[in-house]
Amino acid sequence: MACCGGGLCCQCCCNEGDTRTPEELTILGETREVEDEILPRKAYESLDYDRCINEPFLEVLEGLDNKKARKYEAIKWILVFAIGVSTGLVSFGVVYASEVVLKRGHGTNTAVAVKRLIPVAAGSGIPEIKSYLNGVKIPGIVRLRTFICKVTGVLFAVAGGLFVGKEGPMIHSGAILGAGLPQFQSITFKKIRFHFPHFRSDRDKRDFVSAGAAAGVAAAFGAPIGGTLFSLEEGSSFWNQTLTWKVLFCSMSATFTLNFFRSGINFNKWGSFQLPGLLNFGEFKCVDGDKTCHLWTAVDLAFFVLVGVAGGLLGALFNCINKRLTKYRMRNVHPKARFIRVLESLLVCMVTTLVIFVASVTLGECRDLVSTNNNTSTQEVNSTIRRFFCYNNTYNDMATLFFNPQEVAIHQLFHQNATFSPVTLLLFFVLYFFLSCWTYGVSVPSGLFVPSLLCGASLGRLVANVLKINFHMQVYAGTFALIGAAAFLGGVVRMTISLTVILIESTNEITYGLPIMITLMVAKWTGDFFNKGIYDIHIHLKGVPLLEWETEVEMDKLTASDIMEPNLTYVYPHTRIQSLVSILRTTIYHAFPVVTENRDNEKEFMKGNILISNNIRFKKSSVLTRAGEQRRRCQSMKSYPSSELRNVCDEQTAVEPAEEGQDILQQMLERRHVPYPNLYPDQSPSEEWTMEERFRPLTFHGLILRSQLVNLLICGVCYAENQSSASQTRLSHSEMTEDYPRFPDIHDLDLALLNPRMIVDVTPYMNPCPYTVSPNTHVSQVFNLFRTMGLRHLPVVNAVGEIVGIITRHNLTHEFLVAKLRQHYITI
């Protein structure tokens, strides 16, 4: 791997096209060296955005009228507004608290101490929130204590001088507020618990988290529209018009809340709204009276494209180096004691401080203070320059960049002409590039937006200086600094639509729309040639099963039967408690198909066994025939006053006797259907079972979740053999969702309180109408249905209503599909 030292690093160590996961190698029978092995995938739990339309839910719908529906919708809008206001207030608090901490001299030690409490609070949090909105549940990511440690940690990290930004953690903090406020309870603080049974589902929680994440972007950059597009582009797999309005309203609330308080305190003009976000790019304009000055021209577009290519290459190099650092940390730092992480963070802080001081002393150039463009006052310039061992009336240009807050340094690169020499800009870019790459991933809450913008702005300003000095071109240096910032940030994070709008809103200059969009597109295309964006890389390293927007074209060579899991663990409509406990204790599945078996001699099985009799009766009542449906419709049409309808029904009923319809129904129930040959496993799971017994045809009736089964057992929902199933206790929808999102575990259940011979009727609580696909459905159709609808489980049901397999998120990951496709080629 020595090739990582040169400019071709991205091509040799970042190209992931030939990378194979351990799962692929197991299927293909190959081995790999330990150094090159992808980190193991963790068993993350998926979120379920699909509603469970069971009987308790239908009871809620029956009691819901238009008045109550409007009431719940009004509550949602109030909560969305509260999330936006809270996010704005938190952002305002972080800004001024960081200034206080910076003046008092506290540093990163406190940030590291906070980080030791909650490891998940490290980093920007954007990869975790992106995974959550994609449908993956990451433990502790939206907890209240994570929020406290995130806000406190980024406060001291920024004040301590690390090359990190507070914008990314603000996005994570907004998402936590969105997840927590509508629940009216806290797991961290048990006493915070109000009786509010609404919005207790992954679907509602996902919508509020989307709004909170967008509010975080809006507060950070003063870009409410950009925040809405960020939540759409980077996270949510399911979107609709109503959610768009709520997210935009939440973003607007966050922006104007932060603007109100910052403008009131800074300018003592409450209600003036002059500071929209945490990061202010300032106003881009030429000097009054200078007719030769233009913000940008058509000729500059060619240079913008070149800057985009450079930003994409440097962003790919940044991601490549950071990926290797993160792998090293995950293998050698994270498994050890937590104080090792503290030592690493302290080491980064010490090295950063040393580099800043030494570079300012030895590499800085003392320059005379010259006039700037008129949109930057002389008093403002004098307050931001740093003399640092320079004589009177001169300043140290390197120290001016390093010893100012990052936002101030970005503003200087955008608006102060002839302030920095080309050599200083080049050295500053190199040092800042490697230090920020090393810092991102240490055990402190850290953002990447502002460091990337500052690094790219210095690159763009360097290009402008070269064009002015060496080629004598009349260019606006601030525009090139902005384009360079966009190019490098786009090359690192690979965002296009949302980042374009964010930068346009931050600059408040719509004429920059075209050059920024072209630069970001070129940077993304260039970087994608070598590796993925930084957030996708960290998601992959953590083993999160993220689903992309769409599958590759060649994946359509596979069908649902090729990727599904045929070995099913299922339950019957009426099941004994001992069987349920055994299934729940010996499996880790989160959902179970509710099925009935197809047997030749069902009448013999029904004799003397109430449990089997109840299951077969339920199956017969669930089978819908054309004759039975026609009889039902005729019975309903007989109530019409028209004599013609009654006569038609009488004639059709006379032609088709009840006995004949019953015979057809019995024949359908007693038919045996041979399973698909390609679904057979290599070996039978039990030596005592034949293949047909192991894969006996199963009529599919619905899905029931693990949490629902455990809840039924804890609440004692069951009936005895000598009783009717109607005698078992009925639970309401609020009782079923009371413990959301921390449902009890089966191992917490006291088995001494249960009678193992009792029977549980699960049919009222299962989802009888989940989304299903045919075994012959192409993978692209399966993928689009699963991702768009935010599913957790997708049963595969054949033409006669028998379940032949089930598809989960794991079966649709890129690694799994690639392995199955290669297996498909080998079979051919």
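Heads up, the Cβ atoms here are built off N, Cα and C, so glycines get one too.
Taking H, G and I as helix, E and B as strand and the rest as coil, DSSP gives the domain 'CBS' (766-826) the counts 27 helix, 15 strand, 19 coil. What TrEMBL lists as domain 'CBS' is 766-826.
The transmembrane segment annotation in TrEMBL covers 74-97 (among others).
Taken from TrEMBL, the feature transmembrane segment covers 147-164 (among others).
Annotation comment: TrEMBL describes 208-230 (among others) as transmembrane segment.
Panel annotation: around the transmembrane segment (301-321), residues 4, 9-10, 13-14, 433-434, 437, 456, 459-460, 463, 467, 475, 480, 483-484, 486-492, 494, 514-515, 518-527, 529-534, 537 of the same chain, lying at least six beyond its termini, place a Cβ under 8 Å from a Cβ of the stretch. Look at TrEMBL and you will find 301-321 (among others) tagged as transmembrane segment.
The transmembrane segment feature in TrEMBL is assigned to 342-363 (among others).
Annotation comment: TrEMBL describes 423-441 (among others) as transmembrane segment.
According to TrEMBL, the feature transmembrane segment maps to 448-467 (among others). Outside the transmembrane segment (448-467), and at least 6 residues removed from its termini, the chain residues within Cβ reach (under 8 Å) are 124, 163-168, 220, 279, 303, 307, 310-311, 314, 401, 406-407, 409-410, 413-414, 420-422, 425-426, 428-429, 432-433, 436, 439-440, 473, 475-477, 479-489, 492-493, 534.
Feature annotation from TrEMBL assigns transmembrane segment to 473-493 (among others).
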For the transmembrane segment (423-441), which stretch among 147-164, 208-230, 342-363 has the most Cβ pairs under 8 A?
342-363
So what's the mean pLDDT when you look at the domain 'CBS' (766-826)?
89
State the residues, same chain only, that lie 6 or more residues beyond the ends of the transmembrane segment (473-493) and have a CB under 8 A from a CB inside it; answer 'none' if no residue qualifies.
281, 284, 286, 292-296, 300, 303-304, 307-308, 310-316, 318-319, 410, 413-415, 417, 448-449, 452-465, 467, 499, 503, 507, 512, 515-516, 519-520, 522-524, 526-527, 533-535
